[in-house]
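Trainee: So that we are looking at the same thing, I have put the structure below in structure tokens.
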Amino acid sequence: MAAMKSLATAILVVLLLRRLPRGLSQNCSAAIGELMTCGPYVLPGSNGAPSEQCCSALKAVNHGCLCETINIISSLPDHCSLPAVNCAA
């Protein structure tokens, strides 16, 4: 199960980095890559608090980089011709 979580996180990071604008990608790809340490804490069913490594990696990510990455994640369903995800429902 842990291997599947790590693989899913790695795939997501690679996909996100490919969608970032070139300049932003060059500036934040390493920081986003460091967030791989947070993989076990961002998937449904995870338990416990994030590790110190995860928190340090998150602290190091530029706010603009993090927001752009979240926007890209939010746009994925549209780019895949899928209905939008409504997390409030």
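Glycine too: its Cβ is placed from the backbone N, Cα and C atoms.
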Trainee: Choosing among Cys28, Cys38, Cys80, which residue does Swiss-Prot name as bonded to Cys54 by a disulfide?
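Mentor: If we follow Swiss-Prot, the cysteine bonded to Cys54 turns out to be Cys38.
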Trainee: Restricting to the same chain and to sequence separations of six or more, state which residues have a Cβ under 8 Å from that of Cys87 (disulfide bond).
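Mentor: Looking at Cβ-Cβ distances below 8 Å from Cys87 (disulfide bond), excluding near sequence neighbours, one finds none.
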Trainee: Measuring Cα to Cα, how many Å separate Cys38 (disulfide bond) from Cys28 (disulfide bond)?
Mentor: 16
